[in-house]
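As given in TrEMBL:
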| type | residues | note |
| --- | --- | --- |
| ACT_SITE | ASP182 | active site, charge relay system |
| ACT_SITE | HIS223 | active site, charge relay system |
| ACT_SITE | SER401 | active site, charge relay system |
| COMPBIAS | 211-221 | compositional bias 'Basic and acidic residues' |
| COMPBIAS | 722-736 | compositional bias 'Basic and acidic residues' |
| COMPBIAS | 753-762 | compositional bias 'Basic and acidic residues' |
| DOMAIN | 476-613 | domain 'P/Homo B' |
| SIGNAL | 1-37 | signal peptide |
Amino acid sequence: MPKGRPRVAHVDAPPGLPACLWLQLAGLFLLVPWVMGLAGTDGPGAQGLGGLSWAVHLDSPEGAEEALEQQADAVARAAGLLNAGRVGELHGYYVFVPPAGQQRAEAARQQVEAVLAGHEAVRWHSEQRLLRRAKRSVHFNDPKYPQQWHLNNRRSPGRDINVTGVWERNVTGRGVTVVVVDDGVEHTIQDIAPNYSPEGSYDLNSNDPDPMPHPDAESGNHHGTRCAGEIAAAPNNSFCAVGVAFGSRIAGIRVLDGPLTDSMEAVAFNKHYQINDIYSCSWGPDDDGKTVDGPHQLGRAALQHGVIAGRRGFGSIFVVASGNGGQHGDNCNYDGYANSVYTVTIGAVDEEGRMPFYAEECASMLAVTFSGGDKMLRSIVTTDWDLQKGTGCTEGHTGTSAAAPLAAGMIALMLQVRPCLTWRDVQHIIVFTATQYEDRRADWVTNEAGFSHSHQHGFGLLNAWRLVNAAKIWTSVPYLASYASPVLREDKAVPRAPHALEVLWNVSRTDLEMSGLKTLEHVAVTVSISHPRRGSLELTLFCPSGMMSLIGAPRGMDSDPNGFNDWTFSTVRCWGERARGTYRLVVRDVGDETPQAGTLRQWQLTLYGSAWTPVDIRDRQRLLESAMSGKYLHDGFTLPCPPGLKIPEEDSYTITPNTLKTLVLVGSFTIFWTVYYMLEIYLSQRKVASRRVCRSGPCHWPQRSQKAREEGTELESVPLCNRKDPEGGETEREDPATTSGLLVPDLLSPDRSAPEHPHHLPPDLLQGEEEQIC
C-alpha cells in the first residue's frame, strides 16, 4: 500500500470467521453507500457530493510514481475525500471519492469544489456524473428482417454484405436518391411510401409523372417494386423487411411495361439527373445465349452525357445487372450495358458464395453481391407489390436482378459519407475494396497492379463496411484520360483451333503524351469479323503485362451468320496496370460445324485510365487499408467536398403524343389560311392595278423591255394608258426621263413624297376633270 494512504483500523474478526473473509465483508459495507447513491440519485441536488467522485489532474513535475501518489493523497485529504487511484494509464489523473458514511449535502459539495479549485497542485478537476450509454445494436420490428440473411446472416456469420456496423454509425443513405428504372414502382405501399421521391420519378410508358405499375397479371409488373424495396424499404413499420439504404430516397422510372425504343432509353438514363444520384437497372437484352445487343446510338449518348453532367458534374452512377443467361452459356460481354465503361456491372453469388446456375461470366464484370441460388438455398426477402394477388412482401426475389439493387444501395451509403464521389471514384473504390470469395469455379488471377479478378466474380464480393470506410477518406482520381488507335485494317482469315490469328498493336510513350494516360482502367476492343457462325469465335486480349481477358467467349446457341459489325468488347482485368506496351488480340474458330473460315476485317483498340502511376495506386491501397478499422467513420472527420457544377434540371413539361397531334393540326390550319389570305391579297392588288386611273398624265409602270433585257440596262418607263381629251381623242403622254417618280408610293425613295405625284395616288383619292383610263 502506498505511503500516506489512510489505513483501516484493525478489527478483530468474530469467532468462527476467518480474518480475510471479515475484511472482505467490511469492504463490501464500505461500497454499499456508493452503490446506493448510484442507484438512487437523479441529479446534482439528489447526488449530494456529485454522487460518486471527482476526477483530478495534478500539476506536478515528472517524478517517481510513488511521490505523485503521495501528492494525490494529500490533495484528497485537503478536500475531505479519499484517493481512489489513478485513472487507467493516464499520468497525473486521479479519482477522489467521498469517505463512507459522509453526509451528502450541497454545502459539502461546494466545499470540495472550493478546495480543488483553489489548490495550487490541481491543474484541472471535474465532478463525475452519471452518463447514459446504450449498447450499439440494430433492432427492427419488421417481421421479415430476421430472414434477410443478405443483411445479417445469423446462420452463417460473415456471409452477408456486412452492413450493420455501418448502420450503427448512422450511415443509412441519407441525402441520396436512387431511381429504379424498370416496370414501375408501387410507391403507395408501406415500405416504399415514406422514402418515395415523386420529383425523381416518371412514367415513360404512359407519359405522366406517376410510375405506378400496371396490374397486369400476365407480365407481373412487380419487378421494379421488389428492387426498390431492396434499396430503401422503410424500417420499424412492422411490415415486411428493411432496405440496405433505408435512409435514402427512392424514385421510379417506368419504361419496361410497353414498347421500348432507343430514344425512350436515352430519356430514362438522363431523367431528373440532377435529382437522382444512382440509376439501378436490373434488365438488359435477352439472356438466350445468342443475342448481341446493347444501348444504341441515343442510349450510348445518354450514358455518356449522364456521367459527364449528372449529379452536378460528378456523374450519374449507372448500376446494371450482368444477366441471367448462364444456363444458356451466355456471357455479359455480349450485353452492351454490362460491357460499357460508364456502368457498374454487378453479378451474383448465392448464400454459400458460389456462382449460381443462372449467372453469366465476362471480363467486364466489376463485382458481385448476394442473391438467390438453387431451390435449397434462400433467396432475397424484399418488398413486393400488393396489386392483384400480391401481399406486399416476398421471400423469392432472385437473379442478378436482385444483386444490382443491393449494389445500388451500398453505393448510396458511400455517397452519404462522401457526396462528391465521381462515377469513376465509385468504380475505383469497388476495385480497391471488393473481397475474394472462395469458389471452385472462380479463376482468380492477380494482375500487375495487385488487383485480383475472375471472370465469374469480377474483383470480388461487395462489402458495405469496406466501401463506406474507403469512401469516407477518398480523394478523387485524376481526370479520365484515353487513347484510341487507328482503325486497323487486317482482312485476315480466322484459323480453326488449335491455330489462332494474332494481331498486335504497340502503344508507345509518344502516343500517350498528349492524354497523360499512364495506368489503365477499362480496355476496349472494337471488332468487325465476318463468320458463318458467330458463336464459334473466341476472342482473347492480352495487355502488355501478359494479363489475359476472355473478351469474346464461344456460345453454343449463337448461330448468327453475320459475325460482328463494329461490336465493342471491354475488360477491367488490367485495372491499374501500365498503359504503355504491346497489346495482342487473339482470334480463333473453336467450332466444327462450318467449313468456311471467317475473316477479321478490322479492329480498334481504346484505352481508358488516368495519370495515376503505379506508386500512386500502391499508396492509395495502403491508405484505404488503414481506414478499415472505422476510425474515420464519424461526424468529426470530414474531407472538404467541391460544390459541383450548376447544371439546370431538364424542363418539367413534356410534349405528349396528343399534344403533338394537336400542334400539327393547328399548324396545318394556320399555314392553309395564311396561304389563302396571301393569295386573296395578291388577286385584289391585281384587280386594283387593272382599274387604275390617272388624272394628270398617262399611267406608267416600270418594267424591263426586251431591249433592256438584252443590254442589261435598268428598268424603263412604259406607258400604261393614254390621256382622253374632252373631244374624245387620245393623246399619248411623253415618257418621263426617269422611272423613280413613277413607282407606287410604298416604293418611293426617302426624299420623294407622295403628294408631289398626285397622279400616282389610289383612284379613290384622284381629283380633277380629266380621266386617264388604263
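We number each residue from 1, going along the chain as drawn.
Using N, Cα and C of the backbone, Cβ positions are placed for all residues, glycine too.
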Least buried by Cβ count (within 10 Å) of the active-site residues ASP182, HIS223: HIS223
Tally of DSSP helical, extended and coil residues in the domain 'P/Homo B' (476-613): 8 helix, 73 strand, 57 coil
Assigned element (helix, strand, coil) containing ASP182 (active site, charge relay system), judged by DSSP: strand
Residues satisfying Cβ distance under 8 Å from SER401 (active site, charge relay system), sequence separation of at least 6: HIS223, CYS227, SER282, TRP283, ALA321, ASN324
Assigned conformation of SER401 (active site, charge relay system) - DSSP reduced to three states: helix
Predicted model, mean pLDDT over the domain 'P/Homo B' (476-613): 96
